[in-house]
Amino acid sequence: MRHANGRRGDTTIDIGKPVNFTGGLEFSNLTYTVIKKIKDSDGKWLNQEVDLLHQITGYAPKGCVTAVMGPSGAGKSTFLDGLAGRISSLRGRVSVDGMDMTPSFIKRTSAYIMQDDRLFPMLTVYETLLFAADLRLGPISMTDKRQRVEKLIEQLGLSSARNTYIGDEGTRGVSGGERRRVSIGVDIIHGPSLLFLDEPTSGLDSTSAHSVIDKVHAIARAGSTVILTIHQPSSRIQLLLDHLIILARGQLMYQGSPKDVSLHLGRMGRKVPKGESSIENLIDVIQEYDQSELGVEALAAFALTGMKPPPLGAHEMSIVPPSPAPSHREGRGHDRSNKRLHLKDQDFDHSLRSNWNTSKSWSASHSGVLQTLGFSPARHHRDHRNQNSVSSSLGDYAYTSENFRSIPTPHTQSSECTLNENDFMTPYAAANTNAYQYLGPKFANSFLSETWILMRRNFINIRRTPELFLSRLVVLTVMGIMMATMFMHPKKNLQGITNRLSFFIFTVCLFFFSSNDAVPAFIQERFIFVRETSHNKYRASSYTIAGLITYLPFLAVQAAVYAVIVWFALSLRGPFIYFLIVLYMSLLSTNSFVVFVSSVVPNYILGYAAVIAFTALFFLFCGYFLNSHDMPQYWKWMNYISTMTYPYEGLLMNQFQTSQTFGIDPLGRSITGNGILKSLNISQVESKKWEKVYIMLAWAIVYRILFYIVLRFFSKNQRT
């Protein structure tokens, strides 16, 4: 919707009001190539280029549900990622209503709903959608946001679960179907024009799956271009699909209305058995050809040119049982080991071409088609001159009426969507319009507004999961009492001084280890961050600052409780406020370090391993076992980067910067505090102890900056 001044207005999705739309998403010559390691007949490993997607051209109409289907390993999710801009090396052109898709354009106009519903378990359905509205809808009134959320809850059929927690393995919450609908609601609250869904019915029962697709169908009718991948949809779900794109081995097998699949099969000379789904029958036929000597190239040529593929023999047509068909990728190497290359990684088995696909019985008479479609598994040399880049090859492919007349799957006659041939004949000039200037700001809220919204959400999550904070507090309280009773009344000798040094180093280690439980908590939250920021929901900087500010008061409480317990019980000397600040800075720098490590590792097991390994190193080089002056020159740098060095030395300086006697040596000489520091090569100057605080603060800032850099530049849902 545009106002009179040309600016784009607020687009509200009302899925209860069907509207006819034209236009949509177009794509041409989409190709995605990866380098695979393969083993030749001599057992040697070779690098080979393999196309996971190969020259796919088509469209997804606006106001319709476009379903991407195909056998297992057909490239459905890869194709969806390519359309959604999640593959950086994709070649070809993708455009929406004639406007080329750029990363910035995709983030502002689309939403991508993953298979895994990454949501905060301790927020209710209403709160989850309201926070999404806060972050997506910008500075509109809270009343309008609440009305939008209430309307969306009703439209998604979530009224009965409005005040129910999302839940997880440990907390009972909404059902799987309701959870999936909440995920959809989070991403459509701002009315995206493009909606991508990866297997939205995965893991759901038939009733829940139908409910989800029914809501998605209503969203499409409200004006969005909806593209989803789906595997073996039920007959009820098939009635809700408006447009099909069927793939096999990364090539286009069929495109058009589901109602025209039987016509497509009839033109191939195949009849759909009575009572059987035409879509499932087509997928069975695809698998039969894939297992035959002809391969799926024959069907790809038929989809492109209408050239009827040769019929299969009776023994070849019996390869695939009636649907639902199992994945034919499993165990193929056993039957065809002498004719196939052996992959090092079977995950990409679907991308390799059958070496029967170039059989002389078909390719000799259709060499022109194979030249258009083709590639072979042993293709080591590629002509890159004909490969397109999403950003640079805008005019290499042009839709014409002849192209659409030649496609043997008519869609405009039987599809319920309002389609027009001219909707898919977008000239190259259309991509050069000035429509980009009407996309609006990159983010809906200011930096400060985002930070405040994220802080409120963090506080709610902490308040409803108090065990994380309370567990740390209980540990520090119990350990404080134990330390106070164990090290009370130290003796006035060398052993008493050693005991006091042991108390300080154990305190530092205790505070370091108490932050380790942040590893799984953040790793779980990181997936939500990646989902939310992939489409400009908020800035990585605001997320970093909000997380820091949220934990500051909780860290202060932990430090204060421990400090009060041990300070008075052990009659420690020096300013109490300095003792408290050192403990607080130690917690802050350690927490920042643990959060940074958690942002780098892929899972909490490696996270724990990394944190424990660094803890051991920092402990070894902190100066307790060997002071910095006695360390080998090539290891001194470890003393400087150890986050245990500075709180340990700061606590010692606060305790021993005095001429007071702390013990008597074996020769009967007095041991003063300054003498203890001198023996440890620690400064006896009073003002120097504040440098330790500044250094700890600097390390906390450095680790937070590194944390931000990882989030900003390396935490992206994108393939190379």
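Backbone N, Cα and C atoms are what each Cβ position is placed from, and that goes for glycine too.
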Topology question: in Swiss-Prot, are His264 and Val597 both on one face of the membrane?
-> yes
Which one of Asn29, Asn681 shows up in Swiss-Prot with the note N-linked glycosylation site?
-> Asn681
Determine which residues of the chain contact the transmembrane segment (503-523) at the Cβ level, with the cut-off under 8 Å and only residues 6 or more beyond its ends counted.
-> 468, 471-472, 475-476, 479, 483, 487, 558-559, 562, 566, 570, 583, 586-587, 590-591, 593-595, 597-599, 601, 603-604, 607-608, 611-612, 615, 618-619, 622, 624, 643-644, 647-648, 651-652, 655
Within the topological domain 'Extracellular' (569-575), residues counted as helix, strand or coil by DSSP = 2 helix, 0 strand, 5 coil
Tell me, roughly as an integer, the mean pLDDT over the topological domain 'Extracellular' (626-693).
-> 89
